[in-house]
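Chemist: Sharing a structure here in structure tokens format.
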């Protein structure tokens, strides 16, 4: 009986940690479409997409000679 409870708690913790990135919601495509010259580096050389998004940043490795991990575009306040 205790083993079943332990397994359920472990599964809940794993699913919960996978579903959240340090409380950061995923950014929209618009927020992460930042021009090459306007990108402000948010990571380090060799950072993985997972590490980058965990830091609350955008990751895009399709543009050469630009930071791949960078701060998202600020959202306008209404």
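Using N, Cα and C of the backbone, Cβ positions are placed for all residues, glycine too.
Pulled these from Swiss-Prot:
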type	residues	note
SIGNAL	1-23	signal peptide
DOMAIN	30-73	domain 'P-type'
DISULFID	32-58	disulfide bond
DISULFID	42-57	disulfide bond
DISULFID	52-69	disulfide bond
Chemist: Using a 10 Å cut-off, grab the number of neighbouring Cβ atoms around the Cβ of residue 42 (disulfide bond), all chains included.
Modeler: 19
Chemist: Mind looking up the mean pLDDT for the domain 'P-type' (30-73) in the predicted model?
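Modeler: 95, rounded to a whole number.
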Chemist: Hey, of 32, 42, 58, which of those disulfide-bonded residues are within 10 Å of residue 52 (disulfide bond), Cα to Cα?
Modeler: 42, 58
Chemist: Among the disulfide-bonded residues 32, 52, 57, 58, 69, whose Cβ has the fewest other Cβ atoms within 10 Å?
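Modeler: Result for the disulfide-bonded residues 32, 52, 57, 58, 69: minimum number of other Cβ atoms within 10 Å at 32.
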Chemist: Taking DSSP states H, G and I as helix and E and B as strand, how many residues of the domain 'P-type' (30-73) are helix, strand and coil?
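Modeler: DSSP classes over the domain 'P-type' (30-73) add up to 12 helix, 5 strand, 27 coil.
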Chemist: Between the Cα atoms of residue 32 (disulfide bond) and residue 57 (disulfide bond), find the distance and write it as a whole number of Å.
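Modeler: Between the alpha carbons of residue 32 (disulfide bond) and residue 57 (disulfide bond) there are 8 Å.
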Chemist: What's the CA-CA gap between residue 57 (disulfide bond) and residue 69 (disulfide bond) in angstrom, rounded?
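Modeler: Here the two Cα atoms lie 6 Å apart.
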Chemist: Taking just the CA atoms, what is the gap between residue 58 (disulfide bond) and residue 69 (disulfide bond) in Å?
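Modeler: It is 6 Å, counting Cα to Cα.
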Chemist: Cα distance, residue 69 (disulfide bond) to residue 42 (disulfide bond), nearest Å?
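Modeler: The Cα atom of residue 42 (disulfide bond) is 5 Å away from the Cα atom of residue 69 (disulfide bond).
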